Amino acid sequence: DGECGGFWWKCGSGKPACCPKYVCSPKWGLCNFPMP
């Protein structure tokens, strides 16, 4: 359906993948900007 997770959306098991500019932060289980 093309849905993706925006900033600070819950991500991980059973959740939509984060939008391309975000990554799923394992620490918080939320979509966040990639950390350097």
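Positions of Cβ are set from backbone N, Cα and C atoms, glycine also.
Residues or ranges marked as disulfide bond in Swiss-Prot: Cys4-Cys19, Cys11-Cys24, Cys18-Cys31.
Features as recorded by Swiss-Prot, highlighted on the structure.
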residue: Cys4; record: disulfide bond; CB count, 10 Å: 15
residue: Cys11; record: disulfide bond; CB count, 10 Å: 22
residue: Cys18; record: disulfide bond; CB count, 10 Å: 21
residue: Cys19; record: disulfide bond; CB count, 10 Å: 14
residue: Cys24; record: disulfide bond; CB count, 10 Å: 17
residue: Cys31; record: disulfide bond; CB count, 10 Å: 24
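Between Cys24 (disulfide bond) and Cys31 (disulfide bond), the C-alpha separation comes to 4 Å.
Cys24 (disulfide bond) falls within a strand when secondary structure is assigned with DSSP. Using CA atoms as reference points, the disulfide-bonded residues Cys11, Cys18, Cys31 were checked against Cys4 (disulfide bond), and the closest is Cys18. Counting in whole angstrom, Cys31 (disulfide bond) lies 8 from Cys19 (disulfide bond) by their C-alpha atoms.
The distance from the Cα of Cys19 (disulfide bond) to the Cα of Cys11 (disulfide bond) comes to 10 Å.
With respect to their backbone Cα atoms, Cys18 (disulfide bond) and Cys11 (disulfide bond) stand 7 Å from each other.
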